[in-house]
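Q: Below is one structure. I have some questions about it.
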């Protein structure tokens, strides 16, 4: 925990040194109080005194999770301020403020349920909260304050519902990241739906917002419904498919039509088949998807022939990381908008299939349970299997969160040009190489972990080689003498991978993106 905290503090100080404004000072105060509050969460988890059942065999992860949204908002605000785009500059301020408020809420919750009340942590949380609220008071407009409070309110209700319905699926830090992100997306969708201006906004962005919110609402609806009926019968399965069609065609499609002012299905088909390059990419991705399915079927056939207790090795699971890298790199080089939309569609398919597996929906629910059980690890201790969804999110979030409006036209100068590649570098290359080499040739272990020094060093070296290859094949990237910053960013994130017990597929790309944007 101490080593993980030191790495996070180094990243916060790096961003503070690059930006140096009132919000970066607030991020330092937030990091300091989150460092103390996470020990309270860790003690609660060990003693079983937390309000909900969180994922075991992991620390609370409050500090690394608390800093993601504030730091992302800070670097987004700075980049858009430099580009002169006021609307997105203010959006960055809202992201930063909402992230700080959500992190403070979790810290106050930990302090409030700890017995006896920790006096020092209470004082530190109060001081940090006062600094942050004072800064927000002098930086946010009234409408922005309301927006931040709306995000907090949605987060509180979502946490109460989902953490109760889905025990042992998240640590407190992962809940903050996932549910905080969903809360912010839901608030943005409501805001944009109430203030639709024809022709304003990119349909691609609306597509992401509606897909995420629609899938969450679909899951909540069926979770509540199947509390009162058996989900494994043919009648329930038929009702599931019928209601999915009704909600999709009767709610989600009209909602999307209102936002983009055109038929969503026609727009999607026109978008996907617009150019010859997109047809080639779609065909190539179809082949990769078929190969991934082939790996799943082959490993399950191998399990059947050898032993029912056979589990996929670490190297076998990393096959999917290589496939994802092969998927994302051509999309990033040739057509990022297509990759953006395809990743949203893939996320929708993954979550829908997880609903089918979780609720045992016929005819494929039980089959999916059998096929995916081979690839479970200690992080899938709850009723949901989320590691493959986290892998997709880790690769896609840098693409989705890349501020296209604030990016300069043409060549992207400096480390900022590598922002869309953050997922490929951190998860696809770094995490994969660290796991493979660490498990095969690693001997010197980092203190207190199973990760090895050889794996981390090889991961850093592999990511530097990957950056060199990106420079060769992607003419839109120009590092502009920012090599030292890139090396420092890759090294810090690789050290974070060695020490964190959180879902690295989700956490590492976000921190690498923050460093590149700073």
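Using the three backbone atoms N, Cα and C, a Cβ is placed for every residue, glycine included.
Automatic prediction, not curation, is the source of TrEMBL annotations.
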Q: Between the candidate ranges 172-192, 340-360, where does TrEMBL place the transmembrane segment annotation?
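A: Of 172-192, 340-360, TrEMBL gives transmembrane segment for 340-360.
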Q: At a threshold of under 8 Å on Cβ distances, which of 88-111, 148-166, 340-360, 381-401 pairs most often with the transmembrane segment (319-334)?
A: 381-401
Q: Is the transmembrane segment (340-360) packed against any residues at least 6 beyond its ends, judged by a Cβ distance under 8 Å, and which are they?
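A: Contacts of the transmembrane segment (340-360) (Cβ under 8 Å, skipping residues fewer than 6 from its ends): 204, 207-208, 211-212, 215, 218-219, 222, 226, 231-232, 236, 240, 244, 268, 271-272, 282, 285, 331, 366, 368-369, 372, 383-386, 388-389, 392-393, 395-396, 399-400.
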Q: Taking the transmembrane segment (421-441) as the reference, which of 88-111, 206-228, 485-512 gives the largest number of Cβ pairs under 8 angstroms?
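A: It is 485-512, which has the most Cβ pairs under 8 Å.
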Q: Return the stretch with the most CB pairs under 8 A relative to the transmembrane segment (235-257), choosing among 206-228, 381-401, 453-473.
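A: The stretch I would name here is 206-228.
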Q: Other than its close neighbours in sequence, what residues sit by the transmembrane segment (381-401), given a CB gap under 8 Å and a spacing of at least six beyond its ends?
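A: Contacts with the transmembrane segment (381-401): 55-57, 72, 166-170, 208, 320-321, 324, 328, 332, 336, 339-340, 343-344, 346-347, 350-351, 354, 357-358, 372, 375, 419-424, 426-428, 503, 505-506, 508-510, 512-513.
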